[in-house]
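Step one of this worksheet: look at the structure below.
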């Protein structure tokens, strides 16, 4: 079967939820038995988002093959079963980087390199390669129509219709239809102007998704269809909802999937959304409620911890517990003391880089350990737990990570190239100083709490870090009571730790949040929320 392409653009304003809309449509098509994948094309010049500040761009989502990608790929994986890879996300910077590399290598045989055809051809080639073996590829174009940065992508997708055939391409445009309170009606003019802008580029949209805070009336949809030259049944109202997991059903109720399958001549059964109905039911009918504190330094933009926040809510679904999330700046712990943590039912320290706020995280880990509060540390959250335990239990008062103090007396966390043999000779490794990225196997210690949670010995989880627990100091830490619960496949690197003297104190070097989905959850987060509920009950019994 020939691959079909759905190109999704945005208009009027940004942040309308284009990624969620794309993922929701993909979920419906997948529920019809189609093999679906999604791409995100980002117009910024960075080669990838790996070095962009989380405060500016949100989290970096890591794929199984180790690509550092846009957070929208996290939405894609949470809505469909297909796993994303480095092929599913690229930027303007990556395209130019690759084209210039080829030019320097002489691949273009001295030709003058231009946006058309060299840049656009590279974009089209990547789209076609990603679509191989799939029935439908949804391609989300980042940014807003009219932005200068998006023009090469828009030109490339315009050309795609001529290359793969108009019968196998569909252009979908998502716009804002604002409600004007003073007039008491929605206004369609911004959508008309946005479509006009798209037409000037040579793209006639086939489907319009109208975002609004309320349902767009049928007469207004008919007006949009008339002025924008779109079929009336292809003008879809997408109102605000209290849960993003209601959007697949909302789109299906307007027969968007039927329209697309008819357009592509796809013969497939009706979508079965029973799994999503179950998710919505669990979300609407909790039997309990807990408060989890996320202690980090990027809390000014919650999207910096998007996958962690979503994973906590997924765990709440599995436990039928509503999860209230309290974002706490780690520097506030330093300046205002750990008292700001006292009303929490559980504490999570997520990943991060840099020294700012790290002492507040160490104080938080100590508070959770001493007060017997359920604790989940992720990446840096595991490293600060190691540092805290070494300082206050294992007899290493000056313990630290070399990321923060390069010449510390007890470098319990360090680059592998900074580990020292007992005779003080540097132990070198070709792994040192490199970022560990992507999915890697971890061997769990039989009988550990981690083993009980996962229910198996070998697990696969995704990594994004440079620093590791220093094996040269590990024996002293273990002798003080901390348990290594998981090791890398070669038994050389610590992947998980736990504290047996605590009811639920676990930390991982990997990022389990990237494998959590609303339909399946994740065992580590599910166990964490269950422990939070049990802790809450114990505290109530003490009153």
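Quick reminder: no glycine exception, Cβ is built from N, Cα and C everywhere.
Straight from Swiss-Prot, the features:
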{"type": "REGION", "residues": "1-266", "note": "region 'Amidoligase domain'"}
{"type": "BINDING", "residues": "14, 147, 148, 149, 187, 188, 189, 190, 191, 192, 223", "note": "CTP binding site"}
{"type": "BINDING", "residues": "14, 187, 188, 189, 190, 191, 192, 223", "note": "UTP binding site"}
{"type": "BINDING", "residues": "15, 16, 17, 18, 19, 20, 72, 239, 240, 241", "note": "ATP binding site"}
{"type": "BINDING", "residues": "72, 140", "note": "Mg(2+) binding site"}
{"type": "DOMAIN", "residues": "291-538", "note": "domain 'Glutamine amidotransferase type-1'"}
{"type": "BINDING", "residues": "352, 380, 381, 382, 383, 403, 466", "note": "L-glutamine binding site"}
{"type": "ACT_SITE", "residues": "379", "note": "active site, nucleophile"}
{"type": "ACT_SITE", "residues": "511", "note": "active site"}
{"type": "ACT_SITE", "residues": "513", "note": "active site"}
> Counting every protein chain present, what is the number of Cβ atoms, excluding its own, within 10 Å of the Cβ of residue 240 (ATP binding site)?
Replying inline: 10
> Going by C-alpha distance, which of the binding-site residues 72, 140, 380 is nearest to residue 191 (CTP binding site)?
Replying inline: 140
> What three-state class does DSSP give residue 403 (L-glutamine binding site)?
Replying inline: coil
> So which of the binding-site residues is most packed in, judged by how many other Cβ atoms lie within 10 Å of its Cβ, out of 15, 188, 192?
Replying inline: 188
> How big is the Cα-to-Cα gap, in Å, between residue 188 (UTP binding site) and residue 379 (active site, nucleophile)?
Replying inline: 47
> For residue 15 (ATP binding site), what is the secondary structure by DSSP, using just helix, strand and coil?
Replying inline: coil
> C-alpha of residue 511 (active site) to C-alpha of residue 187 (CTP binding site): distance in Å?
Replying inline: 44
> Do you know offhand how many angstrom separate residue 382 (L-glutamine binding site) and residue 513 (active site) by C-alpha?
Replying inline: 14
> Including all protein chains shown, what's the count of other C-beta atoms within 10 A of the C-beta of residue 352 (L-glutamine binding site)?
Replying inline: 22
